[in-house]
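As structure tokens, the structure follows; a few thoughts come after it.
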Amino acid sequence: MLVTRGDRGGGERAPSRRPRCGLVPAGAAALLAGASCLCYGRSLRGEFVHDDVWAIVNNPDVRPGTPLRWAIFANDFWGKGLADSTSHKSYRPLCVLSFRLNIFLTGMNPFYFHAVNVILHCLVTLVLMYTCDKTVFKNRGLAFVTALLFAVHPVHTEAVAGIVGRADVLACLLFLLAFLSYQRSLDQGCAGQCFPTTASPFFLLLSLFLGTCAMLVKETGITVFGVCLVYDLFSPSHKQDKLSNGAVCQHSSGQPGSPQPSSQQAHPHRESRKQRFPHKDSWGGCHSPLPPEPKSSGFPMSPRAMWSLMRCLTGSTNRNFLLTLRPFLKRAILVISYVTVILYFRLWIMGGTMPLFSEQDNPASFSPYILTRFLTYSYLLAFNVWLLLAPITLCYDWQVGSIPLVETIWDVRNLATILLAVVMALLSLHCVAAFKRLEHKEVLAGLLFLVFPFIPASNLFFRVGFVVAERVLYMPSMGYCILFVHGLSKLCAGLSRCGATSLMASTVLLLLLFSWKTVKQNEIWLSRESLFRSGVQTLPHNAKVHYNYANFLKDQGRNKEAIYHYRTALKLYPRHASALNNLGTLTKDMAEAKMYYQKALQLHPQHNRALFNLGNLLKSQEKTEEAIMLLKESIKYGPDFADAYSSLASLLAEQERFKEAEDIYQAGIKNCPDSSDLHNNYAVFLVDSGFPEKAVAHYQQAIQLSPSHHVAVVNLGRLYRSLGENSKAEEWYRRALKVARTAEVLSPLGALYYNTGRHKEALEVYREAVSLQPSQRELRLALAQVLAVMGQTKEAEKITSHIVSEEPRCLECYRLLSAIHSKQEHHGKALEAIEKALQLKPKDPKVISELFFTKGNQLREQNLLDKAFESYEAAVTLDPDQAQAWMNMGGIRHIQGSYVSARAYYERALKLVPDSKLLKENLAKLDRLERRLQEVRERDQT
């Protein structure tokens with residue numbers, strides 16, 4: 001720990017005696033980078049959690065496979081159009097582009113997303129040290145401690161470990177670079193100017209560019225312009241000359257009213273070589289001699305400083321003051337004009353509207369009482385400062401009951417607000433009193449870096465969508481770190497050596513505690529489960545964290561636990577419409593589910609998902625018209641909700657209202673062009689409607705939008721199979737296996753192999769499918785069927801018999817057993833299996849017809865021809881198009897010598913299958929027999 005310690009007498013240090021830190025810049029940078037990596041190294045193992053899912057995984061502007069479109073500059077951070085009424089209006093296109101670059105270079109691997117965040121945090125830490133060294137402390141040791149405190153502070157965990165926190169981290173980096181560029185643009189060598197001229201327009205323009213980039217990464221980046229201007233105003237870079245009778249400021253030659261330079265200002269260029277950044281001067285030097293300044297009186301503003309300020313702002317010398325202020329005014333006019341333009345652009349691209357938030361997001365802003373809003377907003381400022389001072393309780397979400405409203409002036413929490421107000425007032429007075437002394441710029445810089453970046457989150461100018469958000473403290477924490485280290489150095493200077501050593505040891509301990517806390521917080525951000533569970537443990541009175549944890553549990557299929565946390569959320573916040581809606585989806589009792597949906601709609605009549613769920617429930621109850629109305633309402637209030645379009649269109653198609661279904665699908669694709677599910681469902685509809693060519697295009701679009709959409713890939717394979725393009729079908733099935741090697745994908749591939757005679761490959765595929773889902777009856781039955789065809793009848797019989805023991809009413813099992821026994825020439829067992837199948841009394845006449853036909857075959861094999869004929873007769877009675885049964889009946893009559901009857905049956909079968917060679921051969925045989933009989937009769941007659 002390197003803290004400089006001034007002379008205890010409080011004397012002013014000479015510029016030439018600037019203390020230096022023993023650390024070389026490279027060593028300090030290595031230590032800071034190492035500390036940052038040690039604290040956040042564990043976050044590299046994290047997955048996409050919380051807002052990452054919506055900003056990256058589900059964001060159409062970020063998703064891999066989607067083309068890079070100009071719409072990225074018209075959409076918000078989550079991929080919605082900024083003009084959309086449901087948009088959060090968070091315009092961060094450069095941050096979104098950084099996500100796209102991540103995906104382009106390394107794919108959707110979260111490791112590299114986290115790695116970029118950690119690297120950016122390291123860079124911010126290093127640039128902060130450089131900034132503090134060159135413009136704030138002019139002391140490398142203090143700058144190092146400031147940056148080290150910033151590097152390990154636990155409140156940064158959300159910004160660094162959460163991938164969407166990149167907006168804050170990258171904006172902070174650009175914020176610092178813009179500030180440094182602004183300082184670099186000032187003339188550091190104008191020895192007598194109260195306000196330096198703009199020496200480098202390039203760096204001034206670069207500052208504007210970097211500040212704009214910071215704003216396009218996150219909105220708070222725009223506050224750098226305010227920091228630059230106020231810092232420029234209150235820390236002028238002229239060189240102060242302290243004379244016994246006052247101070248004189250040198251103006252440029254030829255300027256009216258310019259005093260002559262004093263003897264102490266004879267070597268301005270020598271001084272300018274010593275310091276690149278602002279030099280020491282005062283506004284007091286711009287005027288006539290001032291009264292001698294007495295020794296420090298303990299009052300924050302000395303009489304000399306106050307006299308200087310009064311003379312600057314009033315009196316007969318205002319003309320000279322304005323002349324000295326001219327360089328600053330030029331810069332200020334440029335910056336303010338530029339900020340006005342980009343703010344106008346920002347409002348224009350939002351459609352001139354502000355985001356709409358709910359009471360859950362920011363309860364205080366919905367209070368009807370001005371006093372409640374004022375007291376709560378004020379207390380939240382103190383609460384945020386407390387998070388910086390003592391980051392003990394940290395949580396990813398502070399909404400809905402985390403911080404109760406401050407509704408009365410007698411609330412004890414107002415003491416924290418008053419204390420903060422007093423401290424900020426004293427610090428502000430200190431800045432005003434010491435604005436003419438270089439050694440007191442630390443407090444000014446600390447306050448500016450603390451206050452300005454927090455203004456957009458303060459509810460001062462507009463309502464924000466959160467109560468407290470730890471990641472928005474990433475930028476303001478720079479100011480806190482500067483003030484903390486400055487106060488530490490002042491304390492150290494006023495203590496004895498022993499006291500200073502104890503203070504430094506305490507600081508080291510604090511840094512170690514902060515580091516440990518940061519490492520532990522990183523573990524929380526590793527997965528959705530650990531994050532959401534930590535919220536419940538940290539803020540059990542927060543309804544939102546219970547709701548989020550319940551959502552996670554529902555996704556994991558842990559429904560009982562999910563129901564418990566949904567109900568807990570409702571106890572804490574009974575007006576939580578989404579919790580009621582989700583609770584309804586988990587309830588098995590349809591009446592209870594309907595009650596939950598209706599309650600949700602009473603609280604929020606435009607809740608599109610509750611409308612959707614209630615509509616589907618009524619659809620299942622065959623209340624078609626009510627369901628259609630609710631689904632249309634769901635689309636009305638959620639035009640980007642793709643599931644509602646699919647559900648409504650499928651319902652209309654079931655009602656044979658195909659034109660309306662087509663229109664709904666078209667509207668859905670127009671409003672949700674990036675929904676792969678919607679394209680897939682529309683393709684299924686087109687196949688059923690007889691437009692397979694159009695369906696191919698939508699299947700391919702679904703796959704392009706989501707290459708991992710294995711359902712669309714399999715459906716496309718099935719479509720090609722139905723079109724007879726088996727090679728293409730096999731290609732798509734194999735592609736689906738690369739995405740998801742599941743039984744659902746293996747099954748159609750096995751069927752393709754079986755139906756094309758590739759039985760060995762079919763057997764391998766079905767064996768793998770059964771190993772993945774051994775309990776699925778259809779797969780085991782298909783495997784048994786392949787085994788039977790390949791002659792492995794014993795194994796086939798074993799599998800089929802096992803299925804029958806589990807499901808005695810398995811009709812297909814009995815049919816397969818009959819085929820297996822027939823192949824084994826156990827016709828009695830085959831007949832017995834068919835009899836059992838007939839006893840199940842299937843409803844489909846064609847199925848019964850096939851069973852009678854099979855029974856007839858087994859009877860015929862046992863030479864029970866009359867009974868076989870009866871079975872065939874029963875088959876054709878149920879299904880007159882059963883050509884094989886007609887032919888077999890003809891064959892029996894043929895064998896029995898009833899040739900006339902046989903011919904009738906053969907001819908009936910031939911009408912059904914006119915190209916049957918077997919029938920023609922049988923008829924030819926019958927003709928020959930009849931001719932022989934005729935010849936025999938003729939010979940007998942002769």
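Backbone N, Cα and C define each Cβ position, glycine as well.
Feature list (source: Swiss-Prot):
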- 1-20: topological domain 'Cytoplasmic' (TOPO_DOM)
- 21-41: transmembrane segment (TRANSMEM)
- 42-109: topological domain 'Extracellular' (TOPO_DOM)
- 110-130: transmembrane segment (TRANSMEM)
- 131-140: topological domain 'Cytoplasmic' (TOPO_DOM)
- 141-157: transmembrane segment (TRANSMEM)
- 160-180: transmembrane segment (TRANSMEM)
- 181-196: topological domain 'Cytoplasmic' (TOPO_DOM)
- 197-217: transmembrane segment (TRANSMEM)
- 218-331: topological domain 'Extracellular' (TOPO_DOM)
- 250-266: compositional bias 'Low complexity' (COMPBIAS)
- 332-352: transmembrane segment (TRANSMEM)
- 353-373: topological domain 'Cytoplasmic' (TOPO_DOM)
- 374-394: transmembrane segment (TRANSMEM)
- 395-414: topological domain 'Extracellular' (TOPO_DOM)
- 415-435: transmembrane segment (TRANSMEM)
- 436-441: topological domain 'Cytoplasmic' (TOPO_DOM)
- 442-462: transmembrane segment (TRANSMEM)
- 464-484: transmembrane segment (TRANSMEM)
- 485-498: topological domain 'Cytoplasmic' (TOPO_DOM)
- 499-519: transmembrane segment (TRANSMEM)
- 520-942: topological domain 'Extracellular' (TOPO_DOM)
- 543-576: repeat 'TPR 1' (REPEAT)
- 642-675: repeat 'TPR 4' (REPEAT)
- 743-776: repeat 'TPR 7' (REPEAT)
- 883-916: repeat 'TPR 11' (REPEAT)
* To do: Quickly jot the same-chain residues contacting the transmembrane segment (499-519) by Cβ under 8 Å, restricted to those at least six beyond its ends, or write none.
  => 1, 3, 5, 35, 38-40, 42, 145, 148-149, 152-154, 156-157, 391, 488, 491-492
* Structure fact -> Residues outside the transmembrane segment (141-157) whose C-beta sits under 8 Å from one of its C-beta atoms, at least 6 past its ends, are 1-4, 19-23, 28, 31-32, 35-36, 39-40, 121-122, 124-126, 128-133, 387-388, 391, 394, 470, 473-474, 477-478, 481-482, 484-486, 488-489, 507, 511, 514-515, 517-518, 521-522, 524-525
* Structure fact -> Comparing 160-180, 332-352, 374-394, 442-462, 464-484 for Cβ pairs under 8 Å with the transmembrane segment (415-435), the winner is 374-394
* Structure fact -> With the greatest number of Cβ pairs under 8 Å to the transmembrane segment (442-462), the stretch among 110-130, 160-180, 332-352, 374-394 is 374-394
* Structure fact -> In the topological domain 'Extracellular' (395-414), averaged pLDDT is 90
* State, in range form, which of 21-41, 160-180, 197-217, 332-352 has the highest count of Cβ pairs under 8 Å to the transmembrane segment (464-484). => 160-180
* Relative to the transmembrane segment (197-217), which of 21-41, 160-180, 332-352 accounts for the most Cβ pairs at distances under 8 Å? -> 160-180
* Residue distribution over DSSP helix, strand and coil in the repeat 'TPR 11' (883-916) -> 27 helix, 0 strand, 7 coil
* **DSSP-assigned states of the topological domain 'Cytoplasmic' (353-373) in counts, ordered helix, strand, coil** => 8 helix, 0 strand, 13 coil
* Structure fact -> Per the Cβ under 8 Å criterion, with at least 6 residues separating them from its ends, the topological domain 'Cytoplasmic' (353-373) contacts 83, 85-90, 380, 399-401, 405-409, 459, 462-467, 543-544, 573, 575-576
* the repeat 'TPR 4' (642-675): DSSP-derived helix, strand, coil residue counts -> 27 helix, 0 strand, 7 coil
